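Working notes, structure below.
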């Protein structure tokens, strides 16, 4: 590839990118979602600065258990006297980490399987489709529970369990898009030029399904965070790390809700809702921008 | 004097962004009159027609008066407009496939208009369906066809369903927007016949839009030629066709040559003088080359819903180096399947394809090498280019697949040969920014980039405008002259064969029924099928 051709292509990509950014910016809900998300990510990264770990150390804290919100503890304390705001900050790290990395795994598997199921024919397609169907019909929560009990305990197990169980929908969507792309005459032209499977998938199919994958990503992140909370709530998470799910579990175990300690139940619950909502807002806007047929609806 | 059915009085239609689609058009359509609107895409003919029923997008601003049956369209209330749509004026849309709901039987779709507009005459669904059967009979369809779904009907049948739908509420005026554009010649003749009969028997007023003057002349008394939103010429159909005065009309008329007219033989494009000397030279030299492609006893079967369909039936064909062969036939005659089999995109059931005497290889690597030699140009240039790829990427695609060096040099050379100059200007363009003709040139450049020895072109100009059609055909002739590049051109248009081909091969139901030099086949056809094809060429329909 030569410089002028490359430069021209780069300029076009840049122009397209700014266009997409401008389109997204024209959706106020997406801006709010993206802004909040950025804030939450920054807070999660700054957790060690804002709330040093030793302030959550049960042996060093002075506060009583189940204190209601006050100037000292904005969101009150948990049954062992730890600051709920601190737990929330530290818990966001695990929740976001699991959400992002599990989604990454799910997207890669989903895209690869989806494209394979759409591109190939005959036996390959039949086998790939049955695998997708298997993961589609097995309840992902049950499968995730099984996986996280079989594998060793830890955050990475949760990531794998969620990643492996939540790619099937993406694969189906990608397959549908692949099928429509494959019938386009430009695929035929490419074949007539001598292209093989790798070229067609890499140059024509992958770029065409990417927008869908991107939009799906943001939607999957939300459900991955919920799934992580669920697993932690069921006691299948890593007991040594805080996450919003494990906070809810502690709340359940200590009877916080029935005892009227609302701050300890509501805080992680609302946090989960906000993050998932933000991802959904951004995801919907992204979908509308990248898929022009959804515009003006 | 009765009042005219439809009047446009100094109508000006502007789209958002200041784009003037119709620029001061005044036109009257008398009761029972038939008017053809001709022009290239973008000349405003569709906008003008849609304005009658206020079917334009919101962004369109209409100035001037449009009067339908003595009533001003702009002044109608919503309820009145809804009543007028379909009962007084109905539209037959362009793409019959896209205008029909794929998941409903067509008779229910025809009945829909009745249910909306004529509940008094046809109160229950049984009465409506009886009326639908009558309507279908008007357009020569049996009631059984009404129970079919759109995909089970052929293109011509679907178009006739659309016409039946338009007739449902006995409108005074029918607007037909390119009703035959996507149809092949035989079916086109049938649809035009139906329209002709309806106009005669029911004294309909018809406004028909087309880019093909000959098609309009076959149905309409009067033709109006538009360019850039203005009327440039109007008059009696025969007069426009036989003696056009305006430049643009001449161009439109020239794009559909009269078979047998020596002045359009192997001469196309806007500058016939300089081309004719060369191309007449090349004819004598071209046929001396050896055989590049040969098809021996080729049969291709498809299996669909448990039935075997024989698309190609024991076909023998050979194409010499530098020879332009036109493969002519109706849609469904197996032309495209034959082309795809020749390119190795479709496995033959039996028989052989030979390239320079050697049978087509089955191994991938060898097949890839073969595909460098024989290139494919598809029907619709818009669809055959990836909308996300720049021109540079599209042309370089084959070069990259085959791992050739000097990518940039080859791209420049290919674009120059396809007459996209200066090539650098087109590098960064995406297909959307190019005109139809330029897009087809990009596709041809992509094929040329691999220095092929033969081209297979499937309806290379069927989706292009009349004037662009000439340019692309001239390009094919010039490539033959400069590079000795032969081509197998698949077409349903016998005029195209007359324009550029050395030899014509007529295909009917998978079999080749006639094969010989252009002059012989087209001027002295032997087979009945060839004769019937020649009989329905629009330029002859008009003279009938």
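A Cβ is built for glycine as well, from the same backbone N, Cα and C atoms used for every other residue.
Since this is a predicted model, take the numbers as computed values, not measurements.
Here TrEMBL flags A:30-51 (among others) as transmembrane segment. Within the chain, the transmembrane segment (A:30-51) has long-range Cβ neighbours (under 8 A, six or more residues past its boundaries) at 24, 83, 85-86, 89-90, 92-93, 96, 274-275, 277-282, 284-286.
Annotation source TrEMBL lists domain 'ABC transmembrane type-1' at A:92-283.
The feature transmembrane segment is assigned by TrEMBL to A:94-115 (among others).
Positions annotated as transmembrane segment by TrEMBL: A:127-148 (among others). Residues 113-114, 116-117, 120, 157-158, 160-162, 164-169, 171-172, 175, 227, 230-231, 234, 236-237 of the same chain lie 6 or more positions beyond the ends of the transmembrane segment (A:127-148) yet place their CB under 8 Å from a CB of it.
Annotation source TrEMBL lists transmembrane segment at A:154-174 (among others). Long-range contacts of the transmembrane segment (A:154-174) within the same chain, counting only residues at least 6 positions beyond its ends with a Cβ under 8 Å from a Cβ of the stretch, are 94, 97-98, 101-107, 109-111, 113-115, 117-118, 132-133, 135-136, 138, 140-141, 143-145, 147-148, 209, 212-213, 216, 220, 223-224, 227-228, 231-232, 236-238, 241.
Under the heading transmembrane segment, TrEMBL lists A:205-227 (among others).
If you look up TrEMBL, you'll see A:261-282 (among others) marked as transmembrane segment. Sequence-distant contacts of the transmembrane segment (A:261-282) (same chain, at least 6 residues past either end, Cβ-Cβ under 8 Å): 29-30, 32-34, 36-37, 40, 66, 68-69, 75-76, 78-79, 84-85, 87-88, 91-92, 95-96, 99, 218-219, 221-223, 225-226, 229, 244-245, 247-248, 250-251.
Tertiary neighbourhood of the transmembrane segment (A:94-115): same-chain residues 40-41, 44, 128, 131-132, 155, 158-160, 162-164, 166-175, 177-178, 201, 205-206, 209, 213, 216-217, 220-222, 224-225, 227-229, 241-245, 271-272, 275, selected by CB-CB distance under 8 Å and a gap of 6+ residues from either end.
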